[in-house]
Amino acid sequence: MSLADPTSDTTPFFSDDAEGEGSSDKDEGPSPQQQQQEEDSPSGLSKTRAFLTVGVLCYINLLNYMDRFTVAGVLPDIEHFFSISDGKSGLLQTVFICSYMLLAPLFGYLGDRYNRKMIMCFGIAFWSIITLASSFIAKDYFWALLLTRGLVGVGEASYSTIAPTIIADLFVKEKRTNMLSIFYFAIPVGSGLGYIVGSAVNDRAKDWHWALRVTPALGVVAVFLLVCVVKEPKRGAIEARPEHTLHRTSWLADMKALCQNKSFILSTFGFTAVAFVTGSLALWAPAFLFRAAVFTGEKVPCVKEPCDTSDSLYFGVITCISGVLGVSMGVGISQYLRKRTPRADPLVCAAGLLLAAPFLYLSIIFAQKSTIATYFFIFLGETFLSMNWAIVADILLYVVVPTRRSTAEAFQIVLSHLLGDAGSPYLIGVVSDSLKQADSYMWEFRSLQLSLLLCSFVAVGGGAFFLATALFIEKDRHRAENYIPSDDAPIIVPKRGRSTKVPVSSVLI
């Protein structure tokens, strides 16, 4: 089989023909029955292979978020080890999100044009190596920890922009929504596991550095599964519109089309509010709960490592449970309401944010009075926040044509993180430092408490953006489903006795 064959699993990385993959000549290859199933499937993958692919992508997404929030799980130890302020602590998340955000457009561009599987393999291997390296940094080199956290974002950007588009090329309609809901279970569950693993390993090893050595080992397994199990589907073929009928346009043309897509833009701003709130809580909630316990006298201050990280453990468990419940609720309610209104998805997202806002506010206020009430309100707030994850991804996929989806994913990542969790952890830390009126445990708690109240107001704003999305969602979805790329497609017209190719738009009357 030729390397240029678009059905080859050994398609070169720098090739436009990186669509559906089969076995190479050197491999044993699938059975005749499997070959027939893959030939019959529009995506080029059998049903079994499609489900295995989703399973591997879910595992990697779980690992992705687990790696991201392990640092937050041991934040008190990191603050004590490096002797840093709240503002510098917030930078750990900010530098990661900034690199992740800035590189997402590059990987979005590559993901729409080249072999997505190879891009993901590179990214996962890179982030695993960098995370492992960050666990050996000495206490006088906090800048090196910031640098490595920034480089981790390079690897994660290569995965997050591409994986949802592969799922979109394997399933349609209700099945796609269900597969995306499973994929996005990994966000809250992986985040929760990051806190749990960070806390547990720190307690067992008595050294927070070991918490950063867990995900690199699991990353090796992820690369192996990608190479051996995942096969890339044909872009857009599952939607009965093979990619050769959807002409690729330039990056500028793609961006122009996306900026004119009101549902995409408004839902992205709504998702930005989700990113702002979750980014703030992800880094600061365990530290806030620990300071609240010190303020109320339930715990002693951290004066020697290892610090008490039980709050990270509890917050991780709550994040896992509320995430599974929230994603399930969001998808279930959305599918039920779709039978009654085509605006169901943005309305459910709006309801999730507007319901989360008061419970997050109450959790912050009650922290000084009742630990049980605080955890209860955090649970409710995170449950309603999690209703958004799978639905927002589904909205993007059905209002954007297949050849622009990776670019759209990248654009959404850039905008939502730029205005959301790229700055929110640092902003919360800076506001907390500015509000401190004395160097005391009381003001460490009070200042952080007041700064975290911003999250409730941002959640309300996000709900408003999703309500606005509902006004345009039906029209934009219909436009994407019936997209005909004729504006710039060349046709042949006679000119002075010879044929000349010109854009359709120049001859339309």
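Glycine too: its Cβ is placed from the backbone N, Cα and C atoms.
TrEMBL annotations: computationally assigned, not manually curated.
Copied over from TrEMBL:
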type     : residues : note
COMPBIAS : 1-13     : compositional bias 'Polar residues'
DOMAIN   : 53-479   : domain 'Major facilitator superfamily (MFS) profile'
REGION   : 1-45     : region 'Disordered'
TRANSMEM : 91-111   : transmembrane segment
TRANSMEM : 118-138  : transmembrane segment
TRANSMEM : 150-172  : transmembrane segment
TRANSMEM : 179-198  : transmembrane segment
TRANSMEM : 210-230  : transmembrane segment
TRANSMEM : 264-285  : transmembrane segment
TRANSMEM : 313-334  : transmembrane segment
TRANSMEM : 346-366  : transmembrane segment
TRANSMEM : 372-401  : transmembrane segment
TRANSMEM : 413-431  : transmembrane segment
TRANSMEM : 451-473  : transmembrane segment
Recorded stretch, among 91-111, 118-138, 150-172, 313-334, 413-431, maximising Cβ pairs under 8 Å relative to the transmembrane segment (372-401): 313-334
Segment confidence, the domain 'Major facilitator superfamily (MFS) profile' (53-479), expressed as mean pLDDT: 83
CB contact flag for the transmembrane segment (451-473) and the transmembrane segment (346-366), at least three pairs under 8 A: yes
CB contact flag for the transmembrane segment (210-230) and the transmembrane segment (118-138), at least three pairs under 8 A: yes
Within-chain partners of the transmembrane segment (313-334) [C-beta distance under 8 Å, separation at least 6 from its ends]: 73, 177-178, 181, 184-185, 187-189, 191-196, 199-200, 285-286, 289, 344-345, 348-349, 352, 375, 378-380, 382-391
Intrachain residues whose Cβ lies under 8 Å of the transmembrane segment (413-431), provided they are six or more past its termini: 85-94, 97-98, 100-102, 104-105, 108, 157, 160-161, 268-269, 271-280, 282-284, 447-448, 450-452, 454
Beyond the flanks of the transmembrane segment (91-111) by at least 6 residues, Cβ under 8 Å: 68, 71-72, 75, 78, 119, 123, 145-147, 149-154, 156-158, 160-162, 165, 251, 279, 282-283, 406-411, 413-414, 417-418, 421-423, 425-426, 429
